[in-house]
Each structure stands twice: as C-alpha cells, then as structure tokens.
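Here's the structure we're looking at; comments come further down.
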C-alpha cells in the first residue's frame, strides 16, 4: 500500500467560508493529495499526502499561489519526536557528515539532516528510545555547540489585531465619505418630491417657487452637463474607491488570477461598474453639453464598502475572541523545567534548568512551591497541595503524595515535589487540550461543507444573472417601451428612448450585483 503522511500548514489571509472552500477545492485536484481539512479559526490546514509524489513545501506553495500566506508547521509530527537544533562551529561539509553519520548510528535516531548554510539540524527520533537531551549531548561530544531553535510560544499566528486594524481603517474611511453622499442623496430625494408636488398643484405662491429653485443649487451646472451634485458625489466617491476598496481589489485580483471567484470579486465588480458607468455617463453628458443632469450611481460604492468593511471588521473581532481563548490555553504551558539527578536513597546530586522541550520521558523534575508543572508525571518524593483548576475546574487544591499523578500546567502550592516525567512535549494533557480545541475549530459540520461548496458557485451565478438582467431589459425596452416607462419613474422626457432603456437596464443589473454582494449565503 502507498504510504500516506500527514502535515500541517499554517494558512493566513482567510476571511470567510468561501476562502476555505477555495483552498480545499483546488488542493484536492492536485496529484498526491489524499485529503485536506482547513480550519478557518485556527488558521491551519491538515493535509494527508503521498510523500512519493509531493512534499509539504510544495503543498504550502500551492496554497500560496491561491493568494494566501502559507508555511509548513514543522512541529506537528505525531509519534516521532522532531528536534530542530542550531549547531555552531561547523566549518565544512565533513563536519556535517561527521554529525549526520554519528547521529544515524545512534540508537533511536530515525532521520537526520544538517544544513551547513543555515547551521540547522533537523532530527527525527523515537521518543521511546532516545530523547532530545541525548541527541544534543551526542553533538556536543563531537565538539560542536548546539541549542534548540526557539519555538514561537506567543501563538502570534492567532492574533487578528492587524486585520482588525486594517478593516477598521477601511470602514472609517468609507464611512467618512459615505455620510455626505447619503446626505446629498436624501436631500435630492426630498427636493424632487417637493418639485413634483409643486408641478402637480400648480397653485404655488411665487415665494414658494423661488425657495424651491434656490434649493436646487445642487442641480446647478458648473460646466454644461456637470451638476454640483454629481461633481461632489464624484469627489467623495474616488477616495472610497481607492482607500476603502484597496484590500478588496488585492483579494479579488488574486482570486481571478486563479480562475476562482469569491465574495471580493462581487464587491469589486459591483462598485467598479457603478463607478465607471457613472463617470462615463458624466463625461458623455459634458461632451453633449446636456441641459439635463444624468442619473449617476456614485452613492453605490461608498455605501457598499461601508457595510461590507463593517462586516469584515466585526468578523475579525469575533475570530480574535475565539483565538484568544486558544492563545490563553497555550500560555498556561511552563517554559522551563528543573531536572535533577538522584543518587542512592534519592539524594540530590545535581540540578539544571532546561527548556521544557528538552524534558524526556523518565526524567526526574523538581517543582518548587508556586511553580508550574512543566510535564505530566508521577510524584516520587514530597507532599504538597496542587491547584488543578485549569484542567478540572476544581478551585480546591488537591493533595499530592508519592504515587499520585500530576498534570502539566497546574500550579504547585506549598511543598517541593520531585516528579518522574510520564508525558512530555505534545503528549501532555495541556498540549492535547490545545490540540483538541484547534481540531474542534478545524472539523466542520456537514452543513458547513455544503455551504462552502455553494458559495463557490454563488459568485459566477450572480454575475451571470446580472448580465441576463441587463440584456433582458434592453430587449424588453426595444420591444415594448411602455413597460420601461412604467417602472422607470422620473426620467427626463428630453432624452432619447434608447438611452432611457439602456440606463434602466444598467440600473437593474447593477442592483442585482449590489444586492447579492454581501455573499449572505456564504457568511450565514
């Protein structure tokens, strides 16, 4: 049977379920990949692959090509212990060979590769037979200095602060420009209503008529065909389109480069079409020196960007909260341990401070009052009370005497204890809890997988519908103009029927795009 390996890839830049669907769909097509599961919250992908066909770095590259950040997570090998060391003092290839051959001869080392250029050694070992400290000792005996590659314990990849800042900024920019645009729009609506009422009643006093005309200052033309209203709307719309929509454009271009359509593509399509269409109509009106001001859609982009960037911002705040819980769990882990050597009758011969990752099975670890237990183990000597509330939720301290088990991350209270390590590294209860929480965020409900699949088809479908709408109304208009006339209220009688039809058709199709924009299905 083919061997199947498993690797984890850290993925950044995923925003919603359709991103997840996008990654999963594209990777499943690749040769050598058996299954892939992506966690939106934990920001990691679990990939089962055939190492003869593909390797983890290539998998990460495939994800990067889809427009996301991806790095292979080295420290997720199950069963085998994996050790990353920095080795100093290597001068040439023979040093490398010396280290590799000596380690490979050592019992329990399964694989070893040393890179001269980066001074790094990558070692796989069987934790039953050998431990990280033994490996380090072997290298030291050969005359090199070595230390652990520092792992990032801060769980910084769970931090959504930067995205939160980015979307908040995007939202504020859009909002600042959106409010005046909306103000202008509402003002125009009210005035139009009054005007049409005035025309309906005809019996207005001259003062009222004058008041109305002075209020139409927004319709006053700066240049032929360019009204104050349209000019202001254009000025307010440009910064939103550029600054408010910046992130959307980046994401959309990445998606399109890979022939996939996501929510950002819809947003960009709707806003760009509305913006370009309005600008072109204005230019045409100015070229024709039109007396009547054209109807523009400059109000669409700012309002869309406001709602969507607000949604994204809230979404990242919510994600940040969930991830914070994980980060808190991770922070409960101790960073150092005191390992002691015992002589006959449990006499302390020596003790040394080491990194938690260097604790091996069977080590004797000393835990002082107030200290955290670095690993799971069994008490050999000493009596104490231990606060295990992090695991059990029980606030009362538990008595520990020789023979009792202790849990990593719990806090020793009043006595000093010597414990023998039973579970270390990724096998401790705390690491397993962290892993479970991450996996719970990784695994998906069947309905969610269904929604992810749908959202992949959703975007092209909406674009198609809006194009159909456009042509349908153009055809209807040229066949039977009365229908358009009935629905397209308040158009000026002075423009040609063809232009009325095309404007109305555009308005209808842009409306379809804009309403479908906030990929409500995918998000819900």
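Backbone N, Cα and C atoms are what each Cβ position is placed from, and that goes for glycine too.
TrEMBL assigns the feature transmembrane segment to one of the listed ranges (196-218, 265-287, 288-310), namely 265-287.
If you look at the transmembrane segment (171-190), the same-chain residues 6 or more away from its ends with a CB under 8 A from one of its CBs are 218, 229, 232-233, 236-237, 239-240, 243-244, 298-299, 302-303, 305-306, 309-310, 312-313. Summarised by DSSP class, the composition of the domain 'HMA' (81-147) is 23 helix, 24 strand, 20 coil.
Taking the domain 'HMA' (81-147) as a whole, pLDDT averages 87 in the prediction.
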